[in-house]
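Engineer: Residues or ranges marked as transmembrane segment by TrEMBL: A:53-82, A:94-115, A:121-143, A:164-187, A:218-241, A:253-279, A:299-319.
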Amino acid sequence: MNAPTTWRPRLADGTAPVLAVLAVLLVALAFAGPAYSEPTGYLALLKRAAPLVILAIGQYFVIVSGGFDLSVGSLVTAEVVIAARLIDGQESATIWVIPLLLGFGVLVGLVNGLITTKLMVPSFIVTLGMLLVLDGAVFLWTGGAPRGALSPSFRVFGRGGIDLPVLGHLPWSVVILLVVLVAAAYFMRSGTGRTLVAVGDNQDAVRLAGGRVVRLKVLAFVLSGLLAALAAILLGGFAGVSAQVGEGLEFRAITAVVLGGVLLGGGRGSVVAAAAGALTLEALFSLLNLLGVSGALESAVQGVIIIAAVAYASLGANLRLGFRSRTATAESTSSTTSPPHKEIR
Amino acid sequence: MEVARGAARGGVRRFSLTPTVTVYLALAVLLIVGSVLVGIQGGVLLDQGGILNILTRSTVLGLVAVGQTIVIINGSLDLSVAYLVGLCSLIAAETMAGSDGMMVPGVLLALGVAALVGLVNGLVVTVLKVNAFIATLGVALILRGYLEENYTGPAGDVPRAFQHLGFDRFGPIPVGVLLMLAVAGAAWWYLRRTRGGYHMYAVGGDIDVARLSGVRTGRTIVTAHVLCAVAAGLAGVFLASRLGSGAPYVGTDAGYDLESIAAVVLGGTALAGGRGGVVGTIGGVLILATLDTVFDDLAVDPFFKDVVRGIVLIVAVALYARRQLSRRSG
């Protein structure tokens, strides 16, 4: 998972707690359900978790650079509805619809990013507006009920897989997930990735150091949009077409990222931890299911747990970072007086 | 992140296009354009019925948004208000259970529970140091779990006498609107005329500076969350009176969590905290209600409203951002 390059895996700040929680949950799953006594059970868990993990990775890029993306849930819905309408059960349409969907995700991300950086609107508001626009547009276009159907070959990504000797059935969504995760981890180790984190920490410093803040922030939103499109392709295959498919996913993705110890407001946290946070959330749901906790109480338990996890993480981090946050505020305060101030927040 | 602009309030007194002035100018323009558009279709926007319609639509969102303004000024935010509205409508209606004598206990119990939820929000944010976004989202999920576990539909019964709150008028103005304006007035007075209110601007402007200046930042934030929750509770009580019973999802169906934040931001309050106020928020709420009414009169597809709403929100905030920028560099 962690792609250790040295003998000792290098864990970013805040990664260890979420990995510990995840490990506990996985062990608990093994005790709670017979399905988890062999790899197939865990692969099924990964398959279920894949869309959320991919969304969380996208959300991570935005959050670590100091923003929010509230539009991913409605973007997922829009993508699935568009796919169903355009494919309309025709096998031949799949091949051009998928690039179109990815392109639409990029476009939405680009709009989010450009409005945030060029018009200086806080990303919370931009993506909230985008959420309203996408939701409204989807319903306007479909008249309330999605029409059309996905083709079997489109759905392969979400529900299909290949049979391997040792692992058994390896779902495609797990393969896609691993590719995205490795790519994201490598990207965050590159210069661009490191600068992205620096933008979330102190964008004025990055700009003064010659970093292209605008381009990096837009890139984060574009990646988030692109990954939301990918998650929609998996979800469409896995869960099918409905106007509710993406409902609440934005909050889940943000929860997952924060659960992974990533600081809201940016500047700290690793992408692997964010992915682990999403997996933890999904493992938690599976465990609650196995333990027979009803669907209604599930959200209450989820609420308690995210508060507890974040409280635990921030009470620990606060002791370490108390001084740091104070100096960071002082820096940003003094820099707001510099005349050509391009991006606020 | 932002400089405590609240501290500089009162320094510059000359007339300027503050966000509050802008939002009311925008409202005026919207009313004129709306009237013309509706007029072309042969209707009238601003007759008594139309005005009443706009005001009635504003009531519930206005109550929630006034509370949301207070927490946002503190640099916090509350995502739990939507479920809280539903919960309080249920508590009020179930306690009353159709009997006149239980009206006061019902209202008090609903507001008490709301205050408790606000207290939890505030304590989680300040004592457990959980980011407000996550803290209130977590509380929202807990409330949702409770509602889903115990309710499938409307419950409780409101006595006839209590429905006067929802439907009566005081002269030409609905009682609910007066309630909303009274709450907004109280919030304005608290924020602008009391020490506690000034502390809220200070905390939202820069929490570290506020703490070093001797403000009890934790207490201030907790107070803000309690006030916000009580305002949401009032919205729930009002809805119970309007609907005749409690409805678990009345708050979430209307999206009061994000909608109220949108109204606050539309009204010129900075999401980062420390700047803005209740007067602007009411303007923002009126703009949203006017848009709804105009679209209804024009028989525009309801989903199109969402699209326009999103665009209006982005454009409005973009305009504020531009203004701030020019003021800063000037």
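Cβ atoms here come from the backbone N, Cα and C positions, even for glycine.
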Engineer: Considering only the recorded stretches A:121-143, A:164-187, A:218-241, A:253-279, A:299-319, state which has the highest number of Cβ pairs under 8 Å to the transmembrane segment (A:94-115).
Structural biologist: A:218-241
Engineer: Thinking of Cβ pairs under 8 Å, which stretch from A:53-82, A:121-143, A:164-187, A:253-279 has the most of them with the transmembrane segment (A:299-319)?
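Structural biologist: Between the stretches A:53-82, A:121-143, A:164-187, A:253-279, A:253-279 has the largest tally.
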Engineer: For the transmembrane segment (A:121-143), find every same-chain residue at least 6 residues outside the stretch whose CB is under 8 Å from a CB in it, and list them.
Structural biologist: 62, 67-71, 73-75, 77-78, 81, 85, 108, 111-112, 115, 221, 243, 250, 345
